[in-house]
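Input: a single structure, listed below in structure tokens.
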Amino acid sequence: MADSTFDNMTSLARALSQPKLDLIEANDVHLSRNAQLHPCRRRKLSSCSSFEHVEPITSPCAEARVLVINTGGTIGMTLHDDVLAPKANALVNSLRKLPILHDELYAQQTCLYHYYGSDNTLVLPLSKNNKRIVYNILEYNPLLDSSNMTTDDWGRIGKDIERNYESYDGFVILHGTDTMAYTASALSFMCEHLGKPIILTGSQVPIYEMRNDGRDNLLGALLIAGQFVIPEVCLYFYNKLYRGNRVTKVDAGSFNAFSSPNLPPLATAEVDITINWDTVWRANTTTKFQVSTDLNRNVGLLRLFPGITADTVKAFLQPPMEGVVLETYGSGNAPDNRPDLLEQLKRATDSGVIIMNCTQCLRGTVSTSYATGKVLIDAGLIAGGDMTPEAALSKLSYVLAKKNLDLNAKKKMMSQNLRGEMSADLAGAKLCLTDSRFIQVIAKSLSISCKEELEAIRDALTPPLACAAAKIGDIEALEALKEMGSNLCLGDYDGRTPLHVAASEGHLKLVQYLLRLGATVYAKDRYGDTPLCNAVRFRHKEVVKLLRQTGAHFSRDELEEAGTELCSLAASGDLEALEIWSLAGADMNKPGYDGHTAVQVAQAVGKMEAVAFLAKHMNNKHKTVFGDFNEYDQNDDDESGVIEFTARPSGL
Ligand SMILES: NC(=O)C[C@H](N)C(=O)O
């Protein structure tokens, strides 16, 4: 054992009783990534002051990381002069005192603050699934009542998510409820090729009050963001997770403030958290996540009412207006006996203004069943289907800002379903579950017929079948399973998804196929491994490249541990494996457990080809930029109120 490690072990020995030391040594031998006291965290223990006083935990459990961005809203407000206003720098301290939202003992036992280097780090008690959710709070300055928010604030949230994307498993945005549906809709479009959960939440009563909904809402949002790879911008409120671009605020005086009239919730948090996986929208992409902050502000909402004058409509549609959501009656109707009004609409669309036809009704869709609806199509309006006005408006803002598209392409985009914001045409509906011969046979032998039971059978049987098909690269079998309505992104009993298996076997075409179906590169099996880890382990270079292109990355802990693995590969001169680790995004400068880098090890044992390779692939700066509080210097610019993060090279 190298000296520095020996020193660490010696200090551990001083702090621990002998039996516990045995445990830690045993874990070190296996480099267990599932030990609660993480190997990398153990490495840093000797300098953690609290470690001397608290017994570390060594039982197995996985940790997930969530970034909470606090933008303001009632959840963090207090009364001043009889009115509610956001209170700065109060939330973290208050949460720290709430045992359901922070486990101080665990934080101390695992040297949490020391490891993450931030006072804004908190940790939830152990979840039912044996998971710890560690969360950091990034508080905006100033905190805003959401009525004060603009598109610039949406851009700021988007950019903070983009910057921190690789360092976290999920994101929670604390936000006022008044305009939360607008922000959720806008973010859903701005976040392109999203692969991780982004969940907006807030409350109707401040979290500092005795009876409030803030605690439950925050807890539910954290539990979902940390435990389920739902690659959507969502809104969590009153025990329900909704698709963000489907919600609208319907009640100012109830905890049950939001409704998603045209789409059932993605998840319900009752005795158990149940995810409705069939409803989850997936990006179906092999492109990396990015946030588009270009938004066009020359858009507006116009609500029809009986007797509206043509002059009002004309004034509203004047330049610089470029996009309008016309809120029409019923299933998309407007008076067909008002040529003056229709003429103004037609003039505007002829001059290039995009006008979306959305209904004023809470539930239902725009159709052409009435003459009063058809006149709007003749006037050049685009049917908005069952989109909410909030979604239609932010979609217009997003689409109109696309510089590389002409007007027709923008109109086409507006009529397409981009992020699950509108229901797809039902003409091509998938096969009914009972159409599947396979399910029929099983259902018959088990004498069952009800839909719920059929679905339960399908959901229990198809993940292992899909994994078996993935193992032999059988796309046809996967197609057949898909037609049964099976979700090919779900994991088997070990949490292994078909993508894990295809990546392990190196079936490039199959990996491509699964990614196009929306399989997530962020799925972790019970050992904490992602498809990228599998592809690296089994040396499938092309698969590694494709997964990286899709946005797959090593976790912070994997990157920490990579140094030791690289040193061992360098010692044996294993160029093929070194190349794959480099392609997978490992930092070739990362030192191993004893502080030596791979190139030093290769040099010491005379593996000169490895030395040459490593020298070529080493870079002065850490290639993977974390938006992590550890790896970034935080500059709190008082004047602008903007917190900036600048990258600095990482090191042990
Ligand atoms: N419940 C709330 O959060 C309402 C508050 N006015 C806001 O939107 O910021």
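Numbering starts at 1 and runs along the chain as it is shown here.
Every residue, even glycine, has its Cβ placed from backbone N, Cα and C.
A TrEMBL annotation is a machine prediction, not a hand-curated record.
What TrEMBL records for this protein:
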DOMAIN    65-279  domain 'L-asparaginase N-terminal'
BINDING   SER146, THR177, ASP178  substrate binding site
ACT_SITE  THR177  active site
DOMAIN    298-414  domain 'Asparaginase/glutaminase C-terminal'
REPEAT    494-526  repeat 'ANK'
REPEAT    527-559  repeat 'ANK'
Long-range neighbours of the repeat 'ANK' (527-559), counting only residues six or more past its ends (CB under 8 A): 33-34, 38, 40, 62, 65, 166-167, 193, 195, 285-289, 494, 497, 499-500, 502-508, 511-512, 515, 521, 576-577, 579-581, 583-587, 590, 624, 626, 628
Long-range environment of the repeat 'ANK' (494-526) - Cβ separation under 8 angstroms, sequence gap at least 6: 62, 169, 195-196, 229, 231, 282-286, 463, 466-467, 469-471, 473, 475, 478, 482, 488, 532, 534-535, 537-538, 540, 542-543, 546-547, 550-552
All-chain count of other Cβ atoms within 10 Å of ASP178 (substrate binding site): 18
Residues satisfying Cβ distance under 8 Å from THR177 (substrate binding site), sequence separation of at least 6: GLY73, THR74, SER146, GLY202, SER203, GLN204, PHE237, LYS249, ALA257, PHE258
Tally of residues which DSSP labels helix, strand or coil - the domain 'Asparaginase/glutaminase C-terminal' (298-414): 47 helix, 21 strand, 49 coil
C-beta crowding around SER146 (substrate binding site), within 10 angstroms: 21
Whole-number mean of pLDDT values that fall within the domain 'Asparaginase/glutaminase C-terminal' (298-414): 96
Longest CA-CA distance among SER146, THR177, ASP178, per record bound to substrate, angstrom: 7
Cβ-centroid neighbours of substrate site SER146, THR177, ASP178, 8 Å, sequence order: GLY73, THR74, ASP145, SER147, HIS175, GLY176, THR179, MET180, GLY202, LYS249
Coarse DSSP state, helix versus strand versus coil, of SER146 (substrate binding site): helix
